Amino acid sequence: AALRRTDVILEVGPGTGNLTVKMLEKVKKVIACEIDPRLVGELQKRVQGTCLANKLEIKVGDILKTDLPFFDACVANLPYQISSPFVFKLLLHRPFFRCAILMFQREFALRLVAKPGTKLYCRLSINTQLLARVDHLMKVGKNNFRPPPKVESSVVRIEPKNPPPPINFKEWDGLVRIAFVRKNKTLSAAFKSSAVEQLLDHNYRIHCSLHNTEIPENFKISEKIQTVLKNTGYSEKRARSMDIDDFIRLLHGFNSEGIHFS
């Protein structure tokens, strides 16, 4: 994490504070977020009466329901069940932080760094890589834990792209979500689902009413969608092999025809 004396660090799930104490010795302040009041008591007891006590701030509660404070870096051995929502909460957080060094379940970590065309490549991979640079730093075997868990772990570095790409993330995620529901299907097939057509038809009608555009009586959203896919050259492509630039082009193709995803 390359911690600095002037850093404010966010730690999620400090437990009894083994990592917390190591960081308190190096930085200006650690904000530790813990949901379990018993562990909060342990952590407070551990630093009480030491010179580290005034550098520790503890927030009690669910991190996913809490507004994140200002921080320079996030260093945490996360509760694995909140991995995905927490990563996106971090990436959409402003002001920007320098980096996050996080431990995840191995397969989750490998999804974060997966490349187009590989087995683990998914919506999580492309969304994370749109907003950040992600590196797999090291594996952590289960025997490093007491008691050993059933899963292997990995440490990952996430560095937000600053400035972020000039893309409306809700729109982007709406498109990517549809494409990755069946990532092995062609986009032409993925967009034929009636739920998708209903959603895009609804959004298109709102777009037209906002721009005073008349909709022809024989209008069919399904035809318009397929035309956009053909014109952009993505109709026979599959999400599993498309990269960020492909999705940016496709989103632009839909948006310029008045089709929106959020």
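Placed from the backbone N, Cα and C atoms, the Cβ positions cover glycine too.
As recorded in TrEMBL:
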- GLY13, GLU34, ASP62, ASN77: S-adenosyl-L-methionine binding site (BINDING)
- 1-162: domain 'Ribosomal RNA adenine methylase transferase N-terminal' (DOMAIN)
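Ranking the binding-site residues GLU34, ASP62 by how many Cβ atoms sit within 10 Å of each one's Cβ puts GLU34 at the top. Mean pLDDT of the predicted structure over the domain 'Ribosomal RNA adenine methylase transferase N-terminal' (1-162): 97. Per the record's binding annotation for S-adenosyl-L-methionine, residues GLY13, GLU34, ASP62, ASN77 show a top Cα-Cα distance of 15 Å.
The 10 Å shell around the Cβ of GLY13 (S-adenosyl-L-methionine binding site) contains 20 further Cβ atoms across the protein chains shown. The Cβ neighbour count for ASN77 (S-adenosyl-L-methionine binding site), using a 10 Å radius and every protein chain shown, is 20.
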